[in-house]
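Chemist: My questions all concern the structure below.
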Amino acid sequence: MLLLLLGIIVLHVAVLVLLFVSTIVSQWIVGNGHSTDLWQNCSTSSSGNIQHCSLSSVNEWLQSVQATMILSVIFSVLSLFLFFCQLFTLTKGGRFYITGIFQILAGLCVMSAAAIYTVRHPEWHSNSDYSYGFAYILAWVAFPLALLSGVIYVILRKRE
Amino acid sequence: MLRALAPAPAMAPGAPWSNSSPALAVLLFSSLVLSPAWAIVVYTDREVHGAVGSRVTLHCSFWSSEWVSDDISFTWRYQPEGGRDAISIFHYAKGQPYIDEVGAFKERIQWVGDPRWKDGSIVIHNLDYSDNGTFTCDVKNPPDIVGKTSQVTLYVFEKVPTRYGVVLGAVIGGVLGVVLLLLLLFYLVRYCWLRRQAALQRRLSAMEKGKLHKTSKDSSRRGRQTPVLYAMLDHSRSTKAASEKKSKGLGESRKDKK
């Protein structure tokens, strides 16, 4: 029982860390010598020493991606907090519905953010050669993990 | 007045400078701010964005130490972008607005201010790219005539860009608000439902106690009555059936008690 609890908490914290890293680190799209993410565009000079970073554009779609990523982090943190609350207040045999719902919401938010970014990113950066950076991949990885975590919470029953 | 204050900070050398200097600084600052008793302060926006062909409001407000007099005057001046001269485009004096009728803003300015509310705003209609520039609002409220004017820069765009953060804040606030609302609604409904369940349970248990007292004498009826009670407990969710049977049960118990 304790092992199960520990496993669930580790999964939740892993999802949270993935969401944080994906939101903050500057590696959604990388090309040769430049990288962009949700908040800024950074480019290294040809010599490789100097980095210039400037703010990303004020596009509405980029703002919505930022907003949904932030929302997913908020929902995941709330879900963790509610999990601990429900752990101590739920009756025996009860299910962690609220925790699961918030975690599922976080997963949906990440998915919509990544989807919007994939479709609309030509609007705010105009480089032709690019590839997706690891933060972008982390966002897509966080989505099924968050869904899985949420579903586990909904199915789980409180014992002891 | 500033000259009169200059000798004030002079102190004897060797005096405890560190102890008194914050107090002195506060005193100096407050006197600098409060001493211009006969000055007027004008407030406008810093920047205003407008779309071509639409209209824009240039707000101007002021603070004056005197009451608003009848001789109050507002003047708006315009300096084109990159130009050096400022031309006067609007004047209000003695309760009468005077609008530009020959210049670039001919028939495009509308006075929407009200001196009583300390508002000297104008509206420019039908914007054009040539309206880019700096507008200065000048207010004179006799005898309060000394003061700084304030400037607002007009930018004319083809399409007004939304400020950064509007969409961000709206999405975050909207989704969080909806989720919180749904949660509150859910908890409210569940609380009401649980309360009603508890009330029904209480009434049923009270009735059962009364029935058991009665049927301890009459054992033959017990078989018939207890199934009715269990049926009521089963159907306690459907309110109409429960209330009907409850009233019937209560009526019976009252009749039996008599």
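Positions of Cβ are set from backbone N, Cα and C atoms, glycine also.
Sharing the record's features from TrEMBL:
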- B:234-258: compositional bias 'Basic and acidic residues' (COMPBIAS)
- B:36-153: domain 'Ig-like' (DOMAIN)
- B:233-258: region 'Disordered' (REGION)
- B:1-39: signal peptide (SIGNAL)
- B:164-189: transmembrane segment (TRANSMEM)
Chemist: Can you give me the average pLDDT across the domain 'Ig-like' (B:36-153), rounded to a whole number?
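Modeler: Average per-residue pLDDT within the domain 'Ig-like' (B:36-153): 87.
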Chemist: For the transmembrane segment (B:164-189), find every same-chain residue at least 6 residues outside the stretch whose CB is under 8 Å from a CB in it, and list them.
Modeler: none
Chemist: Based on DSSP, tally up the residues of the domain 'Ig-like' (B:36-153) by helix, strand and coil.
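Modeler: Output for the domain 'Ig-like' (B:36-153) reads 6 helix, 63 strand, 49 coil.
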